[in-house]
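S.K.: Structure in structure tokens, see below.
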Amino acid sequence: MAGTQDQSQDYFSKPTTPSTPGQAHLGNVANRIPSTIPDRESGTERAKSTHSRHRVLHGLPSTFMSYMSRRPVASSRGFSRVSSEGTASRPTAPQHSSHFHHYAPAEDGYYQENPWFGEADKKPIFSLGKPLPHKVRRKVLKPVRPDGKVDEEMAIVKEETTNEPHPGYASRTTSGQPYRVETQSSLPSRDIQRQQSRTTAAGVAHNDRRNDAGQPVFEYIPGEATPTPGHRDPASRVQSKQDNGHSPPDFKVDGEPLGHQEKPCVESGDTNANEMRNWWARLRARHPEPLAEFLATAVAIFLGLTGTLSVNLSATQSQPYGTYETSCWAWGFAWMFGIYLGGGVSGAHMNPAISVSLSIFRGFPWRQCVIYVFVQFIASIVAGALAYAMYADSINHVDPDMTKMSMTFFSTPREWVTLKSAFFNQVVGSAIMMIAVFALGDDQNNPPGAGMHALVLGFLVTTLKFTLGYNIGSALNPASDFGPRVIAYAVGFRGDNVFHSGWWFYGPWAATLIGSLLGCTLYDGFVFVGSESPVNFRVDKRVKKLFN
């Protein structure tokens, strides 16, 4: 036997050339073979011999095999090896390469000092730098178990169906198979007592056997009772599901809308993650999203403003420092840098219209949305103040009366453009912006490759500035318009176009939000198929009664 294994190992390590075209794909097939197969009778997992796997792979080049040996196993990438029925199933390939991070090499001891490093995100990030996450937003009914507790696993989605089934049945949210939902009111008291007395910690009770006193007779079995999957009580199913790792640990930090999820060993107290952290590192680790959103928004608006100031301040010189197209490119690249800067932490929305639209149409938490909008406005004010401080001398030299350079800081319709035309211009531009944002974030459509979302969105901003910026300046971001407008008013710009005309509200605010919601509705109505969008919601009976 040992000689056979040695021969197999020697032959396996020899560099050979694939003899057929299909042999080059055998590595991917063998990599998806489960390493464990569950035993249906005992419910345990038995190891599968890797000898057959080696036999499938022999004949491949040694360089390819060394690459295959360094690849992470499927389970580390979120693959499911066992189906819900307990049978072995083929793992599914990852949907997008941008879902996985490529970390730089780390020295020995770095992971001990930084136990949070390399952990996968436990919370969905609504990022503009990758496809948007999918959330279940429908109401959930939680049936009551016979002992009066809520059965979390048996929770069903509340849906109004045209062909209503039997009142005691509903459809599973995972497998689509019907099952019986039993509540306290639907179970007779005798059935409740029978279910409660059916199983104990040390044995299994017969259903109908009773002694002279009418008490159930138990047949005790040494060790713990191992009921079959069909007769397992809901509590044991939930516990087993948690033990198998299908649900994250129930730590307090997981219930907070903002915060960083540490490793389980850190959350349980086995490892002190703050041992090497100062007070600021502890604060940042607990609330990274607002800080990242602030930095990304401030940098993007600052770069865009300074690019526009460079062009407008040099417009009267013999050699202008660029043209209007230069300003458009500056805003596009600035937005791209902002997404690269904070897209992996906060999502880098940098726009209140985007945050509100994601909350309405994709389930972005409203509490986070309020915090994001507040942070975005603070960042825009800081960016406007910093941009003015950089160019204060040039502004006072070119425009000592503080009248002409105001259009550099905020959106202003031209004198001959009517209010209706300016409002319509803003609505159309915002709608196109959100259609493109949702299209890039839809993994069921045609998302770009890894790391390309930021570049495409930067081109989008540049294109919108090119095409819709002549009439009003194309202020598609309430934050990037309001913050610099406040700074312009504070430093001495007192023209009617600052706050007196009212455009600051019904243009960058009202028109942008209306256009964004319109664009989201159009995309979800024509393209998006996910159930998280309210466009795809079923109308509740209470809403129907209002129109009947």
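Placed from the backbone N, Cα and C atoms, the Cβ positions cover glycine too.
Pulled these from Swiss-Prot:
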- 1-290: topological domain 'Cytoplasmic' (TOPO_DOM)
- 1-22: compositional bias 'Polar residues' (COMPBIAS)
- 1-63: region 'Disordered' (REGION)
- 38-48: compositional bias 'Basic and acidic residues' (COMPBIAS)
- 76-101: region 'Disordered' (REGION)
- 77-97: compositional bias 'Polar residues' (COMPBIAS)
- 158-270: region 'Disordered' (REGION)
- 171-200: compositional bias 'Polar residues' (COMPBIAS)
- 249-265: compositional bias 'Basic and acidic residues' (COMPBIAS)
- 291-311: transmembrane segment (TRANSMEM)
- 312-327: topological domain 'Extracellular' (TOPO_DOM)
- Asn312: N-linked glycosylation site (CARBOHYD)
- 328-348: transmembrane segment (TRANSMEM)
- 349-369: topological domain 'Cytoplasmic' (TOPO_DOM)
- 370-390: transmembrane segment (TRANSMEM)
- 391-420: topological domain 'Extracellular' (TOPO_DOM)
- 421-441: transmembrane segment (TRANSMEM)
- 442-448: topological domain 'Cytoplasmic' (TOPO_DOM)
- 449-469: transmembrane segment (TRANSMEM)
- 470-508: topological domain 'Extracellular' (TOPO_DOM)
- 509-529: transmembrane segment (TRANSMEM)
- 530-548: topological domain 'Cytoplasmic' (TOPO_DOM)
S.K.: Can you give the mean pLDDT for the topological domain 'Extracellular' (312-327), rounded to a whole number?
M.R.: 85
S.K.: As a test: from 291-311, 328-348, 370-390, 421-441, 509-529, pick the stretch that has the greatest number of Cβ pairs under 8 Å with the transmembrane segment (449-469).
M.R.: 328-348
S.K.: Grab the same-chain neighbours of the transmembrane segment (509-529) for me: Cβ-Cβ under 8 Å, and only residues 6 or more beyond its ends, written as numbers and ranges.
M.R.: 353-354, 356-357, 360-361, 423, 426-435, 438-439, 442, 444-445, 475-478, 482, 535-536
S.K.: DSSP secondary structure for the residue listed as 'N-linked glycosylation site', reduced to helix/strand/coil, please.
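M.R.: The residue listed as 'N-linked glycosylation site' sits in a helix per DSSP.
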S.K.: Going along the chain, which residues at least six beyond the ends of the transmembrane segment (291-311) come within the CB cut-off of under 8 Å?
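M.R.: Result: 284, 320-324, 326-327, 329-331, 333-335, 337-339, 341-343, 345-350, 372, 375-376, 378-380, 382-384, 386-387, 390-391, 394-395, 405, 408-409, 479-480, 483-484.
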S.K.: When you scan the chain for residues with a C-beta under 8 Å from the transmembrane segment (370-390), skipping those not six or more beyond its ends, what do you find?
M.R.: 258, 289-290, 293-295, 297-302, 305-306, 309, 346, 349-352, 355-356, 409, 479-480, 482-488, 491
S.K.: By Cβ distance under 8 Å, which residues at least 6 away from the ends of the topological domain 'Extracellular' (312-327) in the same chain are close to it?
M.R.: 391, 394-395, 398, 405, 407-408, 465-466, 469
S.K.: Could you put numbers on the helix, strand and coil content of the topological domain 'Extracellular' (470-508), residue by residue per DSSP?
M.R.: 23 helix, 0 strand, 16 coil
S.K.: Restricting to the same chain and to residues at least six past its boundaries, which positions have a Cβ under 8 Å from a Cβ of the topological domain 'Extracellular' (391-420)?
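M.R.: Result: 305-306, 308-309, 312-313, 316, 384, 470-475, 481-482, 484-485, 487-488, 491-495, 497-498, 503-504, 507-508.
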S.K.: Can you give me the same-chain residues 6 or more apart in sequence from the residue listed as 'N-linked glycosylation site' with a CB-CB distance under 8 Å?
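M.R.: Listed in sequence order, they are Ser327, Met405, Met407, Thr408.
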